[in-house]
Amino acid sequence: MGENDPPAAEAPFSFRSLFGLDDLKISPVAPDGDAVAAQILSLLPLKFFPIIVIGIIALILALAIGLGIHFDCSGKYRCHSSFKCIELTARCDGVSDCKNAEDEYRCVRVSGQRAALQVFTAAAWRTMCSDDWKSHYAKIACAQLGFPSYVSSDHLRVDALEEQFQGDFVSINHLLSDDKVTALHHSVYMREGCTSGHVVTLKCSACGTRTGYSPRIVGGNMSSLTQWPWQVSLQFQGYHLCGGSIITPLWIVTAAHCVYDLYHPKSWTVQVGLVSLMDSPVPSHLVEKIIYHSKYKPKRLGNDIALMKLSEPLTFDETIQPICLPNSEENFPDGKLCWTSGWGATEDGGDASPVLNHAAVPLISNKICNHRDVYGGIISPSMLCAGYLKGGVDSCQGDSGGPLVCQERRLWKLVGATSFGIGCAEVNKPGVYTRITSFLDWIHEQLERDLKT
C-alpha cells in the first residue's frame, strides 16, 4: 500500500457473518417458512449448527476461565505494567520479574504517624529495628524513596508505634561492611523483636513548615506571600491553567487531567513564590518532563495524578518551600479541618482569581460522599472529599491540581490534589481530591527511577 493509499478497514465482526447469514438475500415480501429453511440449509447444514454453537460456548467459557485465573493475583504481586502475577517473595529480591523491573522498586517506605522506616522483604513489610543502625544508612533509605539527601533518622520506642507496625521486624546485618549496604532490603535479616526496644524513624526532606499565618476558592480568603509556600502556578503557553505542589527542589505534584494531551514540557512553565498572577516579578521555571499516571483515563476520573520535573532545582526560602508527603498508612480522620488554595474562580462560572486564595474545608468520609444525594457511588477509595455539604466553600475552576493540606504534629502534609467537582460550592457537591496516600508508591517509584538515571 502506498503512502497516499487509504488505510484498509477491517470488516466488523458479527455472528451473522460467522454463520453465513449476511449472505442471505431477503426478499421484501415475507417468504414462507419452508423457503427460508431451504435457503439456510443451502448455506449451513442444520446438523452442524448445534456443534458450532456448542464450540463457541466452550471457547467463551475457556477464555473466561483462563482470564479468571490470569487476573486472580490473590496472595501474589501483580505487575502494573502487565497482567503478570509473581510470588510475593519475588518482590524486592534483587531479580527483575516484571517489565521495567517495577518489582524491584518501592522496597522502602516510611509508615504511620511517627514515620517508622519499613522495608519489604520475605513477602512482607517489616519495621526496621534501631539495633546496629548507623546514620549513613538513612541516606541510602532516602535515595530508595527518590530523595537525593536526608534530614535525620531517630529512634522510637516500639510500643509508641501503631499496632500494625509492631508485628514483623528486621535489623541491618552487622556482618556486612558499610560499602556492601547499597539497598536496605538486601541488607537485613528478620527479627521477632528489637533487642534495643526501639525502631528507626526517618525524615528525608525539610518540608511542611512556613512563616505565614495559618487561619479558589469560593468563600475563601486572600493569602499572604509566605502562607502557602509550596503552592505553584502551572502555566501553559503563558496562561495559568492549574495549581500544583512542590515536594522536592525538582518535583511538582499536580492532577493528570491538567496535563493529559498537553504533555509537551516546552509548552509549560512553573511560577513559585507568588500571590498575584498580575505583574509578577518572579521568574518562570522551565519544565524538563511530565509524567502522568499510566492508568488515568479522562472519562473515568480515577488515577488523577501527575508529576512535573523542573529543568533546574528550586532555591528554597521563606516564600518557596516543599510540602511534606504523608506517610504510608497515615490516616487523616473524617471531620479534620484542612486547607485548599489556588487561583481558581471565586464563583461558579467566574474568571480565575488574580490573587491566591485559601479556605478551610473539613474532610468528609467516602461513605457520606458516595450517598445518592451527593456523588452517588462514584467516589473510589483513591479519592477523598472535603468541603461543606451545605455549600458555600469549595475549590473551583483553575484550582485543579492544587494542594489540599492538613497539619499533623506541626508539619503540613499534602493530603489531596484538587481533582473535580460538580459546579463550585454547590449544596451536596463538595470538592473531590486525589488521595495522595493511595499514590505514594507511584510517586516514590518515579522519583527513585529518575534519581538512578
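Even glycines carry a Cβ here, placed using N, Cα and C.
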Whichever of Cys129, Cys142, Cys258 is disulfide-bonded to Cys194 when Swiss-Prot is consulted: Cys129
Of the candidates Cys85, Cys92, the one sharing a disulfide with Cys73 in Swiss-Prot: Cys85
For the domain 'SRCR' (104-205), the number of residues DSSP places in helix, strand and coil: 22 helix, 36 strand, 44 coil
Cys142 (disulfide bond) CB neighbourhood, other CB atoms within 10 A: 23
Around the Cβ of Cys324 (disulfide bond), the count of other Cβ atoms that are within 10 Å: 21
Among Cys79, Cys92, Cys385, Cys424, the one of these disulfide-bonded residues whose Cβ has the fewest neighbouring Cβ atoms within 10 Å: Cys79
Separation of alpha carbons, Cys107 (disulfide bond) and His257 (active site, charge relay system) (Å): 29
